[in-house]
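The [4Fe-4S] cluster 1 binding site annotation in TrEMBL covers Cys72, Cys75, Cys170, Cys214. Feature annotation from TrEMBL assigns [4Fe-4S] cluster 2 binding site to His252, Cys255, Cys280, Cys286. Annotated [3Fe-4S] cluster binding site per TrEMBL: Cys295, Cys316, Cys319, in sequence order. Taken from TrEMBL, the feature domain 'NADH:ubiquinone oxidoreductase-like 20kDa subunit' covers 72-227. Summarising the annotation, TrEMBL assigns domain 'Cytochrome-c3 hydrogenase C-terminal' to 247-325.
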Amino acid sequence: MKTTGEWLANAIGPRVSDELECRGIDRRSFIKFAASMTVAMGLPIGMSGRVMAAIEEGSSRPAVIWLHFQECTGCTESLLRATHPTLETLILEMVSLDYSETLLAAAGHQAESALRDSMQRNDGRFILVVEGSVPTADNGNFCKVAGQTPQQMLHKIAPHAAAAIAIGSCASWGGVQSAAPNPTGAVGLAEALQLEGITQADGNALPVINLPGCPASPYNFLSTVLYYLTLKQLPQLDAKGRPRFAYGRLIHDNCERRPHYDAGRFAEEYGDEGHRKGWCLYKLGCKGPETYANCPAIEFGDVGGNTWPVGIGHPCFGCSERGVGFHKALHEQADVTAVTPPSMFPGVFAEHGGGITAASAAVAGAIAGGAAVYAVGAYDKLKRAEKAEAAEGAQQDG
Ligand code: FSX
Ligand code: SF4
Ligand code: F3S
C-alpha cells in the first residue's frame, strides 16, 4: 500500500529533479541555468537559490490564456524553438497554458469551452497573454476569432485577468501592422484597453507588461514568468511598460562593435572592408543608439557565436522601440542621444598615450557638468577618427 507521501508525489506528478534527470539535465546544468536566469532578471546572484526553488516548487502554476490577434505567430514560434527545449520547456510547463489558439489540441466549440472553463476556475487570477495588435478601424472587423473581434474578446476576457503580458511589438504598440498607412488602425493592447474603457472588474486598470521585439526574445518572456513565480510580484516597468531588467539598457552601450563607433570605424556598404571586418553599422542605419533591449547580452537561439542582428552583420532596425522599428526607414540614421562611451569603457585612443582619452574627456565633461561638453567632444573625436581613416585610406590607395 502507498504511503501518504507516495500518494501525494503521484498526485502532483514527477518531481522536477526527476524530470530533469529524465531529460538528461544534471544538477550542475540546472544550477548554472538558474544562475543565468537570476542575472537576466537583474536579481542579485545570491537569489539564485530562490529562483531554483521557484522552478522546482511547481505548485503554484498560474493559468495563462493566450490570445492571437493581428500578427505572424513569430513570438510563439520563437518560444517553441528555444534551443535547449528541456529547461525552457520546463518553465513553460510551470504555467498552465489553458487556452492558446496555436497550441490547443481542441478546436471549435471544444476550444471555446476550454476558454470559458479556465476563466471560471481562475477568475481574477489568470495571466492574459496577447500576441498581435488590435485593429481599431472598421470596428475591428479586420481580425476575427470564433466570429469575434479582438475588442469583443477583450471585453469578455480582460476584466477577469490578474495581469496581462503584451508579447511582441505588435501587442506592445502595433508593430508592423501599425506602419504607415496603418490601414487597420492597429494599436497595442494597452492602448486598445484604454480606447475601449476596459478595466479589471473592480475598476482598476489591468496591469500590462510590454515585451516588445519582433519576435519578442523568448528569454524575456521566460524570465518575466520566472520573476513572477520567484518574487510573487510583477517586475518593475519603465515608462513604456517594459520590464527594466530586460529593456533598461541601450543596445549601443552594450554592443560589441561600440569601440569601432567610438573610434570612427564604420561599414559604409554591405560587403565593404569595414563590414567584413566587423566595424560599426551606424552608417548602414543601425538603430542601436535609440533602442533599449538586451539583445547583445542575451542573443537569440542560445547557440552562441553572436547570434543577434548586429552580431551577424545586420544593423539593428529598432524592433523593440516604439516609433523606431517599422516607423523609421531601414537606412535612416539613428538619433544619437548618448554620444560618449559609457564611463566604464576604456579610452578610445589610449594606445597613443599623452593625449586626452575618451574616458578622461568624459570625466572632464562630468566635472564641467555640461552635456554639451560630451556632445562636442565626441563629435570632434568622431571627425578626427574619420579624417585619420580617410588619410590612411588615401595613403594606401596612393
Ligand atoms: Fe510576429 Fe508576434 Fe513580430 Fe508581431 O511577434 S514576429 S509580427 S512582433 O506579434 O508574431
Ligand atoms: Fe553597435 Fe549599432 Fe551602436 Fe554601431 S551603431 S555600436 S553597430 S549598436
Ligand atoms: Fe530587434 Fe534590434 Fe534587437 S532589431 S532584435 S531590437 S538588435
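Each Cβ is built from the backbone N, Cα and C atoms, and glycine gets one as well.
All features noted in TrEMBL, drawn onto the structure.
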residue	record	CB count, 10 Å
Cys72	[4Fe-4S] cluster 1 binding site	17
Cys75	[4Fe-4S] cluster 1 binding site	28
Cys214	[4Fe-4S] cluster 1 binding site	21
His252	[4Fe-4S] cluster 2 binding site	28
Cys255	[4Fe-4S] cluster 2 binding site	23
Cys280	[4Fe-4S] cluster 2 binding site	24
Cys286	[4Fe-4S] cluster 2 binding site	28
Cys295	[3Fe-4S] cluster binding site	24
Cys316	[3Fe-4S] cluster binding site	27
Cys319	[3Fe-4S] cluster binding site	22
Assigned conformation of Cys280 ([4Fe-4S] cluster 2 binding site) - DSSP reduced to three states: strand
Proximal residue to Cys75 ([4Fe-4S] cluster 1 binding site) among binding-site residues His252, Cys255, Cys295 (C-alpha distance): Cys295
Nearest of the binding-site residues (His252, Cys255, Cys280, Cys286, Cys319) to Cys72 ([4Fe-4S] cluster 1 binding site) - Cα to Cα: Cys319
Per DSSP, three-state class assigned to Cys214 ([4Fe-4S] cluster 1 binding site): coil
Nearest recorded site to Cys170 ([4Fe-4S] cluster 1 binding site) by CA-CA distance, among binding-site residues Cys255, Cys295, Cys316, Cys319: Cys319
Cys214, His252, Cys255, Cys280, Cys286 filtered to the binding-site residues whose C-alpha is within 10 Å of Cys319 ([3Fe-4S] cluster binding site): Cys214
Length of the line joining the Cα atoms of Cys286 ([4Fe-4S] cluster 2 binding site) and Cys295 ([3Fe-4S] cluster binding site), in Å: 13
